[in-house]
Structures are given as structure tokens and as C-alpha cells.
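Engineer: Features from Swiss-Prot:
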DISULFID  106-191  disulfide bond
DISULFID  184-190  disulfide bond
CARBOHYD  6  N-linked glycosylation site
CARBOHYD  15  N-linked glycosylation site
MOD_RES   141  phosphotyrosine
MOD_RES   261  phosphoserine
MOD_RES   262  phosphoserine
MOD_RES   345  phosphoserine
MOD_RES   346  phosphoserine
MOD_RES   355  phosphoserine
MOD_RES   356  phosphoserine
MOD_RES   387  4-hydroxyproline
MOD_RES   400  4-hydroxyproline
TOPO_DOM  59-71  topological domain 'Cytoplasmic'
TOPO_DOM  130-150  topological domain 'Cytoplasmic'
TOPO_DOM  221-274  topological domain 'Cytoplasmic'
TOPO_DOM  330-418  topological domain 'Cytoplasmic'
TRANSMEM  35-58  transmembrane segment
TRANSMEM  72-95  transmembrane segment
TRANSMEM  107-129  transmembrane segment
TRANSMEM  151-174  transmembrane segment
TRANSMEM  197-220  transmembrane segment
TRANSMEM  275-298  transmembrane segment
TRANSMEM  306-329  transmembrane segment
């Protein structure tokens, strides 16, 4: 089977419809079709609505236009295409128990399916590398990976995904040679994705397993560094809260800078966890299908068709999960609230991401930590002066970010992932 496989050669039979023996059976079949149609419609709407919201938020609010969020946009585009051009036709294939759109659209639809899943996993792999660079070279990150370079990387991801999907499918390199497959290829109402063993294994390895291994390896390194930095934060805060009052007074402002640096680090670790959840969810949703994909070409009678369809749709549902995961980020959460008119804003809104909250204070989009005007104690403010070089070194190895307070001053120094 091809990597992201469609409802494929395990789809419900296409060579005839089942004639029920009793009216009760017929009613059950009709109820099943109606129930599945409603469920699949909800899935499609969730995928389309959620990912349109993500793309719109990043396009509208400058606060979200970071290098990593460029990759998030690419991921959302892949999910959106999945929701518009793949899932609806897959639902029709199941509910109608036959393919109604001809041979050309069958192969084109299959190519889009492979394209979207390949682009998704490769984009997640790129995000992992992006975070690795941010951790190992936090002061060189902005020069190493600019927005223009990010656009080029995204373009390359989609080109490679297109070559992996459209080229072998449209050139018929994927086709099997046994009679059942040949009959399906020539039948207008059959769109079962029969593949030869070489294509099934090679495409699964290139499109899924290799990027997955790279992603897991790189991200494990990222978390190792992040864990060490959290331990440094704990030790630093332990020294700051020492019972020796003389030491605290002696440390003075340096202790305050250390605390601000620690808060910054903890915020970025939460963003790192959000990216980890996105990658983990994608893996959990698609890995079972790709395991079955390999097993099937080795032993085609081992996996029941119902299991295959279920795992395929588990992968489809992943496209609806990511917008929900992004809600962990204050940046995205506030942007979504603005777009859905769930957050009160002043009559004067700025394209750079500023908005006024219900208290009349000006927040920078996404900074839920309190970067706002007000009479706060010096020791409790996050957004005053950027952490000094000495204190920021304690945070080296975390995800760099850029955030501003209401007066436009830097709270930190680099780009923000989420």
C-alpha cells in the first residue's frame, strides 16, 4: 500500500451491494449509513474550520508570524487540503460502497492523500530540526534560519512530497500485477489502492519512517537539553531564595534578573511541550496505519479490512486535532478569541498584534503572562528590560522567543515557536 493510503484495497466491496434478507437488517444498514455520514461530516467540518482558523490567525497577527509558525502554517495547509479534497471522497467511498468519480480522479485523489501525509510528517521533522538549532545555537538562531530560508525549506518539503506522491502514482509505478488489481484499475467504480510490494515498502520508508526516526532522535535531544536547563533553573532559584538574607541583598538586581530569566525559560518549555504533543499525536494517529501498510504487502490476508479502514480514518482525524492542541499556546488562544469575536477589543486595533483587553490595558497578542501597563512591583514584572547576557546564559538551550511589553520593549531576544 502507498504510505498515507486511501480507503484502499480494504475498502468496502465495490462489486455489488448487499441485499438484506429482512426489513430489520435494511433499517439497521440505513441507520448505520446515516450515523456514519453525520460523524464523517463532523470530522470534515472540524478539519476545515480549525485549520482555516489557524492559517487566518497567523496571517492576521504579526505576533504569530515567526519562523516556526511558518512551518505550522504549512502543516495547517496540508491538513486543510486533507479536509477539503481527501476525507470527503473517502467518506463517499465508504458510504456508497463504490467509487463514483472515475479512474482519473481516483488516482489524483490518491496522490493528494499521499502528498498531504508526506508533507505533514516532513514538516514536523523540519520543526524538530528548527527547535534543535534554536537550542544548540540560541544566539545564532535568527541568522541561521531566517524567514526567507524557512519559506525555501517549506517549498522543498512540498516538492519532495509531490515527487513522492504524484510521480510514482501518475506514472503507474505503484501498480500491482495480479488479476484482481488489474481488474480494479480498469473499472470506473473501483478505487482500491492495490500496490506492488516494492512501492509499498519504499514509499512508507521514505515518506514516514525515515522522517519519523529523524524527528524522534532530534526531539529527544531537544528534551534532554531542556531537562538540563530546568535543573539549572531549579538550582538558580534555590540560591535566590536562600535563607541568608545578606546574600539576597548582595545579589540585588542580579537575583531579579535571574528570576525573570527563569520565568522566560519556563514559558518556552511549555511551548516546547506543545510542539511535542503535536508530534506525538501525529505519530500515534498514523503509525498504526503504516505498520499495517507494511504487514499487508507481506501477508495480505492477515489484517481485516475493517481494521484497515479504522486505522486509516484515525490518521484522517489527526488533521482536526492540531488546532485544538494550539489552544495550549496563549498566543493562539487569544488570536482565536479575537477572530471568533469571543474577546473584547477596543475600537482601535493594530495590525502588529496589539489589542486592548476588557480592563482597558494594552496586551501584546499572546502574552498572557502580564506584559501590560500597570503599577506593579519591580520584582514581579516580566516585561521590563530583556534578560542580560549573564542571566540569559542560564536559559541557553531553551527555545528562544520574541515578546514585547505594552511599551514595545523586548522581554526576550529571539523567535517564538508557538
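Keep in mind that glycine also has a Cβ here, set from the backbone N, Cα and C atoms.
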Engineer: I'm a bit unsure how to read this: which one of 72-95, 107-129, 197-220 has the highest number of Cβ pairs shorter than 8 Å with the transmembrane segment (35-58)?
Structural biologist: 72-95
Engineer: Could you tell me the mean pLDDT over the topological domain 'Cytoplasmic' (59-71), as a whole number?
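Structural biologist: Averaged over the topological domain 'Cytoplasmic' (59-71), per-residue pLDDT gives 93.
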Engineer: Would you mind checking how many other C-beta atoms are within 10 angstroms of the C-beta on residue 191 (disulfide bond)?
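Structural biologist: Neighbour count, Cβ to Cβ under the 10 Å cut-off: 28.
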Engineer: State the count of C-beta atoms found within 10 angstroms of the C-beta of residue 190 (disulfide bond), not counting that atom itself.
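Structural biologist: By my count, 21.
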Engineer: How many Å lie between the Cα of residue 106 (disulfide bond) and the Cα of residue 190 (disulfide bond)?
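Structural biologist: Between the Cα atoms of residue 106 (disulfide bond) and residue 190 (disulfide bond), the distance comes to 8 Å.
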Engineer: Including all protein chains shown, what's the count of other C-beta atoms within 10 A of the C-beta of residue 184 (disulfide bond)?
Structural biologist: 22
Engineer: As a quick check of your reading of DSSP, tell me how many residues in the topological domain 'Cytoplasmic' (59-71) are helical, how many are strand and how many are coil.
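Structural biologist: Its residues fall into 10 helix, 0 strand, 3 coil.
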Engineer: Round to the nearest Å and give the CA-to-CA distance linking residue 184 (disulfide bond) with residue 191 (disulfide bond).
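Structural biologist: With distance taken Cα to Cα, residue 191 (disulfide bond) is 7 Å from residue 184 (disulfide bond).
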Engineer: Measuring Cα to Cα, how far is residue 141 (phosphotyrosine) from residue 191 (disulfide bond) in Å?
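Structural biologist: Residue 141 (phosphotyrosine) to residue 191 (disulfide bond), Cα-Cα distance: 47 Å.
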Engineer: Which numbers of helix, strand and coil residues does DSSP report for the topological domain 'Cytoplasmic' (130-150)?
Structural biologist: 15 helix, 0 strand, 6 coil
